[in-house]
Amino acid sequence: MSRTLQLTEQLISLPSVTPEDAGCLELLADALQPMGFACERIDSGPDSFRVRNLWARRSGTGADRPVLVFAGHTDVVPTGPLEQWSSPPFVPTHRDGKLYGRGASDMKTSIAAFVVALEEFLAETPAPSFDIALLLTSDEEGPSVDGTKVVVELLRERGERLDWCIVGEPTSVERTGDMIKNGRRGTMSGRLTVKGIQGHIAYPQLARNPIHQALPALAELAATRWDEGNAFFPPTSWQISNMHGGTGASNVIPGHVTIDFNFRFCTESTAESLQQRVHAVLDHHGLEYELAWTIGGQPFLTTPGTLVNAVQAAIRAETGLETELSTTGGTSDGRFIAQICSQVVEVGPSNASIHKIDEHIVVADIEPIKNIYRRTLQELQRQQAV
């Protein structure tokens, strides 16, 4: 059994359902400290939702050394119905060339692969020309309030600079390394409450139906072309996720209706400009309303440069593939790290089974992931030596 597979299985066997860490960080710290990493625990959140975070850094001598950070999460989503699993989700199980277990793809394999890649890289290059750090959290699959976000805020307060970040999210589609994420769209949610006047449904002249009033405005928002996107991002999208109105009775005009919606926005728009345009539409339709906004993350983009080139070269050397740069999909903790790090790239194993019953990874894909990380480290070292 390879060292990477062994560490992956050890991590899967720890039932770290968000926000629980279940001992993952202790296991990883034990592997990192012999390599010279100073490990700092940065826990956050109330006792009822305590989040475990680890900041591990290996620093060299000399001023203004660049810093590479690997970001990952030890927490996993809930298992779902246990009876639907072919094998216990926290018992690593091999079947038909695949390793089954919750977190196999998202993202315990990536964490194990990077740690082993570090072991191999530092054995051959004990004094690299850049510092290396890991930022690991047990709050990525949950609210993401007390995890990476808190650590990034602390690093910013301390003036710690990050230059390159690899996020180990599962990004591959058909083959290992065929796609990496060099950016993500921003996300912003709104909760709109349109006010009316409740009344008997047989006497509409004595009431004001907020659903009827809201519909033209919602139709206009749904039809709006917010921007045209660009070479890296599709156009910004606006979608309604929930609508709640009425008392449950069939003869009552409701007094208010609440609409939840979400923007996924690209770098052609800002959160502020989108908010202004929404308010303009609502005001144009003469609605009496309240609107609360929640910004989940700003968009970020890493154009081809030092880190993207290193990852592409590593994938090419390991697999022969010319990887696709993509900004599709949901958000990740990269949105927080991008606030203090100008180059952020996500690269990891297949995302085909993430969050599903019988989550798994093809065993033959595990070593290539580790090798891609190791080759990226080697390529960054080569670039710094030039």
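Positions of Cβ are set from backbone N, Cα and C atoms, glycine also.
Marked as Zn(2+) 1 binding site by Swiss-Prot on the basis of sequence analysis: HIS73, ASP106, GLU169. If you look up Swiss-Prot, you'll see ASP75 marked as active site, on the strength of sequence analysis. Taken from Swiss-Prot, the feature Zn(2+) 2 binding site covers ASP106, GLU141, HIS355. Positions annotated as active site, proton acceptor by Swiss-Prot, on the basis of sequence analysis: GLU140.
Using a 10 Å Cα-Cα cut-off from the residue listed as 'active site', the binding-site residues that qualify among ASP106, GLU169, HIS355 are ASP106.
The least crowded of the recorded positions GLU140, GLU141, judged by other CB atoms within 10 A of its own CB, is GLU141. Calculated from their C-alpha atoms, the gap between GLU140 (active site, proton acceptor) and HIS73 (Zn(2+) 1 binding site) amounts to 6 Å. Long-range neighbours of ASP106 (Zn(2+) 1 binding site) (same chain, six or more residues apart, CB within less than 8 Å of its CB): VAL76, VAL77, GLU169, PRO170, ASN351, ILE354, HIS355, GLU359. GLU141 (Zn(2+) 2 binding site) and HIS73 (Zn(2+) 1 binding site) have their C-alpha atoms 8 Å apart, to the nearest angstrom.
DSSP assigns ASP106 (Zn(2+) 1 binding site) to a helix in the three-state reduction. Packing around HIS355 (Zn(2+) 2 binding site) is summarised by its Cβ count: 14 other Cβ atoms lie within 10 angstroms of its Cβ, all protein chains included. Under the three-state DSSP scheme, GLU141 (Zn(2+) 2 binding site) falls in the coil class.
In sequence order, MET107, LEU136, THR137, SER138, ASP139, GLU140, GLU141, GLY147, THR148, ASP333 are the residues near HIS73 (Zn(2+) 1 binding site), counting only same-chain partners six or more apart with C-beta under 8 A.
Around the Cβ of the residue listed as 'active site', a 10 Å sphere holds 25 further Cβ atoms from the protein chains shown. Of all Cβ atoms in the protein chains displayed, 27 besides its own lie within 10 Å of the Cβ of GLU169 (Zn(2+) 1 binding site).
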